[in-house]
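Visitor: Pulled these features from TrEMBL for this protein:
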- B:12-31: transmembrane segment (TRANSMEM)
- B:66-259: domain 'ABC transmembrane type-1' (DOMAIN)
- B:66-89: transmembrane segment (TRANSMEM)
- B:101-124: transmembrane segment (TRANSMEM)
- B:136-154: transmembrane segment (TRANSMEM)
- B:195-217: transmembrane segment (TRANSMEM)
- B:237-259: transmembrane segment (TRANSMEM)
Amino acid sequence: MTTAPAPVPGRPARVRGPAQDVAGLGVARAVGFLAPALLLIGAFLVFPAIWTIYIGITNYRLTGVEAVSPSIVGLANYTKALNDALFHNALWLTVLFVLGSAIVGQNILGFALAWTMRRARPAVRRTVEGLVLLAWILPSTVVAYLWIAFFDRDTGTLNSILGTQGTAWLIDYPMVCLIVFNTWRGTAFSMMLYSSALQAVPPSQLESARMVGASGWQTLRDVVFPHIRGHVLTNTLLISLWTANDFSPFLLTKGGPNHESETVPVYIYNVALQGGELGYSSAISFLLLIANLLVALLYLRLLRRRS
Amino acid sequence: MTPAFVVRRIGFYVLICAITLFFAVPMLWIASAPFDKSPGLGVHWPDWTLDNVRKTLDHPYAMHSMVNSLLICVTTAVAVTAFAALASYALSRVRIPGRDALLYGLLLLSSVVTGTAAMVPIFVMMFQLGLIDSRFGVALVMTGGLLPAAIFILKDFVDAVPKSYEESARVFGASTLQILRDVVLPVARPGLATILVWAFVNSWGNFLVPFLLIRSIDKQPGAVLLQTFTDEGGSANLSVIPVFSLLFSIPVVVLYLLVNSRYGFRFHGGIKS
């Protein structure tokens, strides 16, 4: 659920394709083959998405374990969101989180690694890529604890490296910590994507750029970038989508201290299950769904154009 | 070798070292802290001990939660693979009315409806179905969430299976069932194995769904139990967390290496995200 992987980037979505029923399945049996998957998807993805809309216009509350029967309040939850300083705070923090860790952090580090490792010695390349991939493969709760330990005030490695004894990084600079954490964890995806994208840049063009004495930066801008522009866009959209929906800030800071790291997903959780305001949090969830939909449509459109 | 060139080279290597350190230093924690008498306390050569391992094995819920994780993730992975295999074969080979629209819809769904955006309705739904505190319920929710992407990845594999194999089986008079079982299934095995591992790894690391749906500590999977090690006394239990983190990571890393060596690792839009 939290892990909604998108289709293979850099490849066109193969929505159309020849269908040739050699095995003689027939439409009726094919529908039977589809039924279990569609049933589960319907029950646990489509239905919840639609139900969010309904709960979002009610005053559904959770008191204790028992839910009080809700009544419809129209758009009250949405007008509440407009004036909710904590929601505005969560939106701003999410934008900051996406900008810092996905658009700048993962993107730039991922590209830099793909670019430099391209001609590195195989042993160096394997080691560096292996490390970065391992960061991506480890379970997110483990990675969260690894960074909690790293940032710790009394026993943390960071204070020991920097000689800043007694700095409680997660309390003093929570957003910086989250951005570093997410950059570390997610860079592998951008690195792999850019590695394969760079293979599409014709070596002859790089060679001639070198012959005319272009600087590294000029080569990147005028030769490499035009070739990988589509990849940069798809990558940015995908990792932004994942980062904006990421729940792991909760593991590091629970949104604290004093809402300083409460991104939208954490805010939704805190409002719904700590505050019991299911109606209001559903309204916010619906806004997040709409934002996701817009980004996903943009992404699909890009894939289409490239195919 | 102009001086500028030398400076650039040096700068380049410094940068590479910095990036490598950035990725390596936190990783050293997971390698050394489990066997260190005083984990944390900055950079130091570990004071080797196996005490932490013993404490973790003795912990009343630690190993139990691994079994819970295993139960949930095996159920999820098998269900995802079985249902996605059936669906992707049907979608790949049979011209079902509205097929393209269905595929497009699935593609959208797989990225739009995330756990965080749907946590409230899922919680309410499972509450009303009486599936709160049920490991099976967690597996169901995870299966639903992983299926759209799984169908896509598998459909790519199935599309690549040559139809001529099925045709020749047909010529020799094989029935539909025989063709599926004896021709399609063996050829699609690498795809099925990939999906099985992909679904397992994804559900193994999933924190939100079990965190929302499971109340009692003896039913919690490892991803959630790790969190309770801190909450018990207010501060982190540093003798259990490192060992547990290491143990909890091993299956995922081993599976990744296995897929990588046997089938070659294809970076499917997020084998894990």
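The count begins at 1 with the first shown residue.
Cβ coordinates come from backbone N, Cα and C, glycine included.
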Visitor: Cβ pairs under 8 Å only, please: of the recorded stretches B:66-89, B:136-154, B:237-259, which one is richest in them relative to the transmembrane segment (B:12-31)?
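Guide: By Cβ pairs under 8 Å, B:237-259 leads among B:66-89, B:136-154, B:237-259.
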Visitor: With the transmembrane segment (B:66-89) as the reference, which stretch in B:101-124, B:136-154, B:195-217 has the largest tally of C-beta pairs below 8 Å?
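Guide: Against the transmembrane segment (B:66-89), the leading stretch is B:136-154.
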Visitor: Go through the chain and flag residues at least 6 beyond the ends of the transmembrane segment (B:136-154) whose CB is under 8 A from any CB in it; none is fine as an answer.
Guide: 71-73, 75-76, 79-81, 83-85, 87-88, 91, 103, 106-107, 109-110, 113, 115, 122, 126, 129, 188, 191-192, 194-195, 198-199, 202-203, 206, 209-210, 213-214, 221, 268-270
